[in-house]
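**Student:** Here you go, one structure.
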Amino acid sequence: MASPADSCIQFTRHASDVLLNLNRLRSRDILTDVVIVVSREQFRAHKTVLMACSGLFYSIFTDQLKCNLSVINLDPEISPEGFCILLDFMYTSRLNLREGNIMAVMTTAMYLQMEHVVDTCRKFIKASEAEMAPALKPPREEFLNSRMLMPHDIMAYRGREVVENNMPLRNTPGCESRAFAPPLYSGLSTPPASYPMYSHLPLSTFLFSDEELRDAPRMPVANPFPKERALPCDSARQVPNEYSRPAMEVSPSLCHSNIYSPKEAVPEEARSDIHYSVPEGPKPAVPSARNAPYFPCDKASKEEERPSSEDEIALHFEPPNAPLNRKGLVSPQSPQKSDCQPNSPTESCSSKNACILQASGSPPAKSPTDPKACNWKKYKFIVLNSLNQNAKPEGSEQAELGRLSPRAYPAPPACQPPMEPANLDLQSPTKLSASGEDSTIPQASRLNNLVNRSLAGSPRSSSESHSPLYMHPPKCTSCGSQSPQHTEMCLHTAGPTFPEEMGETQSEYSDSSCENGTFFCNECDCRFSEEASLKRHTLQTHSDKPYKCDRCQASFRYKGNLASHKTVHTGEKPYRCNICGAQFNRPANLKTHTRIHSGEKPYKCETCGARFVQVAHLRAHVLIHTGEKPYPCEICGTRFRHLQTLKSHLRIHTGEKPYHCEKCNLHFRHKSQLRLHLRQKHGAITNTKVQYRVSAADLPPELPKAC
């Protein structure tokens, strides 16, 4: 294990705690320095939080003339409900999306220039449309006779015999194509309130020849508005001048994606670089455009390719033949996401889509209501695998490229260079399982993987360092395991970090990790020498608990455990200590108790060398080194390192005093207070496990009066 002088300690809950404290400050109106007025409703917030999440507020508060504003009035067309949802998202990282408020949230996000939220809303809508599309798609003849033809649907349904001059919407101004555009996302049921839909913006027309359209795959009906339209490689084809300006009738107060010509794209980008410093990143091999529909291949290839977390979520919603290059250009009035915008949120911390890990430096944000922090598993993983904490082999990425994603990506166009394996990994940071299923990764495993990397001091590979999120670990090429910690400790992984060749041990049990013939349980990190024992342990330990207590809600996997549990209700303690006479209801508790008399302390802290009698004491001690206090009080917000301390603290709010003296009838909130009272007032000996009762014969006659 690395020495304290050269180690880096990762606080896994720091980011979530800071955000939680900021939200509490906002709810108590502490240090809020701006009031946002939306349709006569006022919202108090902190400027720094608004700047960090919204491009609109970023541009306002960075302006020297507007940075001191204390009251900001937003456009009256903005929905207060949508702004309230987005404001809560800024402080909690949770976006409350429902079919009734999706349009209000998306419209407000477009106005606030929160592109990552807009993309999430669009994918939410596309997912809803994809479910309704098969039942709503009319036959070809009925569809061609309908008046609701859209440009891409015309192209998909037109016959091959249509000549090029009769192509609909070809070489027509962008404003004329508005007649074919129905309201945005018309297939989704919306609430009675009307929100600005931005359907009056011009749609890009088709600049492809008949041969190109014939060879291109047809666009699915469930995706009516593609994010980009790439130009063919024919340099003789130019973009009409009509597309170089947005529609004049658009209100300037509304945020929308501008459409630029290739000539003015360069000065616009230079202008945005003046306001926002864009960190340099790797140059992509595949260009793409999101906000600018028409861009030459040579210009787009010079744009930075930044893997965004919206594309992580997009893998759950996009069709299987979706193009790989979904990155887009940021509008001039919107900051880069690496500057002031966070990664895209997930809908729920408990959903499968939410099981993603931020590997770009910010720890995984966990719900403050969950008091469990898997620090013990993190500690065990560091201690048990301290010999294998070297850097991850860089060469293993090349061998795993064929297993990263089950999607069949289309071949790149002729004008673009073929994608290298490194670029493919950069384009698709999400690592799916080999079966394509979105399997949930335990939080403890992700914490183990993150802390192990930080303690080892090894940077990620080039493909992983630019990917903000990791959904699934790569599958081990030797033993087939997908455990997050397996990539760090598998002895079969080829690489220069291991000093000697390790024996090959294959495992057919895909849900476990193996090392030198030892099988690990991915749920609790238990070790087994045989695969059959691991399977039996998985079925018995991590399955349903059939034996339930008839007096409480406790349930158990074994009948004997239930019988032992019932002694809690009956008060029976058949196991007695031969030295001090202490009684226990379980033999394991008696065994642990005997270590007090023998002086045995088998559990050692690998950081400071302290030893403990019980493993629970070691678990609590490890939290001192990590600096974590995972148990918050829901009433006052005070955080505690131990669960028992939190339970004792809650008695302050509830007024409960469960410990009482039988002779004085005094009640105490904590057991330590009762012990002190018994020692001082009744002369009782309280350093044993014997119940703290003092007989009347042993009491001096004057002591009861003192109480």
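Numbers here mean position along the shown chain, with the first residue as 1.
Note: Cβ is positioned from N, Cα and C throughout, glycine not excepted.
Pulled these from Swiss-Prot:
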| type | residues | note |
| --- | --- | --- |
| COMPBIAS | 299-315 | compositional bias 'Basic and acidic residues' |
| COMPBIAS | 331-350 | compositional bias 'Polar residues' |
| COMPBIAS | 409-420 | compositional bias 'Pro residues' |
| COMPBIAS | 425-452 | compositional bias 'Polar residues' |
| COMPBIAS | 458-467 | compositional bias 'Low complexity' |
| DOMAIN | 32-99 | domain 'BTB' |
| MOD_RES | S334 | phosphoserine |
| MOD_RES | S344 | phosphoserine |
| MOD_RES | S362 | phosphoserine |
| MOD_RES | K380 | N6-acetyllysine |
| MOD_RES | S405 | phosphoserine |
| REGION | 275-350 | region 'Disordered' |
| REGION | 405-469 | region 'Disordered' |
| ZN_FING | 519-542 | zinc finger |
| ZN_FING | 547-569 | zinc finger |
| ZN_FING | 575-597 | zinc finger |
| ZN_FING | 603-625 | zinc finger |
| ZN_FING | 631-653 | zinc finger |
| ZN_FING | 659-682 | zinc finger |
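Have a look at these and tell me how they're positioned relative to everything else.
**Tutor:** Under DSSP, residues within the zinc finger (547-569) fall into helix, strand and coil as 11 helix, 4 strand, 8 coil.
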**Student:** Count, for each of 547-569, 603-625, 631-653, the Cβ pairs lying under 8 Å from the zinc finger (659-682), and report the range with the highest count.
**Tutor:** 631-653
**Student:** Which whole-number mean pLDDT does the model give the zinc finger (631-653)?
**Tutor:** 90
